[in-house]
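Participant: The structure's right below; bear with me while I get my questions together.
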Amino acid sequence: MDKFRVQGPGRLSGEVTISGAKNAALPILFAALLAEEPVEIQNVPKLKDIDTTMKLLSQLGTKVERNGSVWIDASQVNIFCAPYELVKTMRASIWALGPLVARFGQGQVSLPGGCAIGARPVDLHITGLEQLGAEIKLEEGYVKASVQGRLKGAHIVMDKVSVGATVTIMSAATLAEGTTVIENAAREPEIVDTANFLNTLGAKITGQGTDKITIEGVERLGGGVYRVLPDRIETGTFLVAAAISGGKVMCRNTRPDTLDAVLAKLREAGADIETGEDWISLDMHGKRPKAVNVRTAPHPAFPTDMQAQFTLLNLVAEGTGVITETIFENRFMHVPELIRMGAHAEIESNTVICHGVEKLSGAQVMATDLRASASLVLAGCIAEGTTVVDRIYHIDRGYEGIEDKLRALGANIERIKGE
């Protein structure tokens with residue numbers, strides 16, 4: 001397995017170009033199964049999960065090509081089962097189910113794998129599809145969905161806010177007969193992006209970005225060209241990199257309007273922030289950040305995917321900050337690793353109390369999930385001495401070329417190829 005060796009401490013300053021959002025590209029790629037004509041998707045990041053998705057789509061009979069953009073032609077799809085071999089590495093595969101049953105009347109997806117953070121049941125996907133008229137069976141580790149004729153529009157009230165299930169229901173409902181209303185829908189920018197993509201193909205979706213999405217079913221979806229929105233979590237990660245190192249960074253090709261809660265907390269931590277239509281700059285003027293209290297919650301509140309980065313910020317800040325995680329259990333696995341680097345923190349159920357220290361020291365640490373591992377790499381950039389981060393395949397699942405981008409900001413980082 002590959003590792004990163006990071007030599008610190010360094011101040012991170014410079015420019016970084018933000019990639020397309022993985023969490024929008026994935027649902028969009030799966031939603032392309034609904035299209036009867038070719039689709040061109042631009043700004044798709046080069047990531048392991050994206051490669052897996054492209055493999056999965058081609059196993060279903062989709063023509064998939066990548067040259068700059070990703071080109072998808074799902075007109076010849078003739079296999080309706082997403083096999084365990086591919087699904088086990090990536091839980092997003094469940095998103096194949098809605099489009100398959102909506103367009104072809106049948107679909108099977110193996111129960112998914114992915115990051116080891118907490119319980120992420122597929123129940124909400126299943127109940128949503130059942131409410132649209134699909135019959136669902138769980139057999140031999142597969143979720144099997146079928147419907148006679150078309151799905152039927154329904155009024156669906158989500159038990160809890162779920163990005164994944166909102167995508168499944170919204171995608172499937174585009175080809176249902178009649179109108180579907182999703183109440184208590186997720187409001188994330190990636191949901192809005194997926195809806196806008198579907199509308200480009202001829203869907204009739206309104207209300208995306210609010211907690212009530214309305215989908216008027218259509219008979220078919222055609223082709224189109226769509227550009228995936230920039231990755232707000234990658235943006236936030238590089239802003240934190242500058243904030244914890246007293247540096248100055250300019251993020252280009254990003255969308256400040258998707259990061260309100262994060263920018264507010266960075267300003268509270270003492271960062272000087274300016275924004276334009278597609279850029280954000282942050283300047284710490286060489287100062288240490290001030291500790292901030294953070295509570296994760298569904299969008300537009302503070303995102304759980306930025307929690308680990310702000311835990312690190314608090315651990316090197318002036319003062320004490322409290323971080324409360326309300327979305328996933330088991331999402332403080334980076335904290336014991338940071339404690340090995342000299343951080344002072346106590347975990348109490350879903351809260352971590354961070355006492356800022358002036359400096360961290362390099363150590364051997366292990367990545368546990370995607371965002372936690374990015375924080376360990378950033379910690380290595382500012383720690384004294386050498387840090388080795390093991391199991392970085394987690395990072396490769398969600399950050400495109402993170403070592404190249406950090407190097408451009410002045411980090412001393414290299415990838416050590418595993419056996």
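The count begins at 1 with the first shown residue.
Just so you know, glycine gets a Cβ as well, placed from its N, Cα and C.
Summarising the annotation, Swiss-Prot assigns phosphoenolpyruvate binding site to Lys22, Asn23. The annotation UDP-N-acetyl-alpha-D-glucosamine binding site is assigned in Swiss-Prot to Arg91, Arg120, Pro121, Val122, Asp123, Leu124, Lys160, Val161, Ser162, Val163, Asp305, Ile327. Residues annotated as 2-(S-cysteinyl)pyruvic acid O-phosphothioketal in Swiss-Prot, with sequence analysis given as evidence: Cys115. The feature active site, proton donor is assigned by Swiss-Prot to Cys115, with sequence analysis given as support.
I would like each feature placed in context: is it buried or exposed, what are its neighbours, and how far apart are things?
Facilitator: DSSP assigns Lys22 (phosphoenolpyruvate binding site) to a helical segment in the three-state reduction.
The DSSP secondary structure for Asp123 (UDP-N-acetyl-alpha-D-glucosamine binding site) is helix. Using a 10 Å radius centred on the Cβ of Asp123 (UDP-N-acetyl-alpha-D-glucosamine binding site) and all shown protein chains, the other Cβ atoms total 11.
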Participant: By the count of other Cβ atoms within 10 Å, pick out the sparsest of the binding-site residues Asn23, Ser162.
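Facilitator: Selected from the binding-site residues Asn23, Ser162 on minimum Cβ neighbours within 10 Å: Ser162.
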Participant: Let me check the 10 A CB neighbour count of Lys22 (phosphoenolpyruvate binding site). How many other CB atoms are there?
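Facilitator: I count 25 other Cβ atoms within 10 Å of it.
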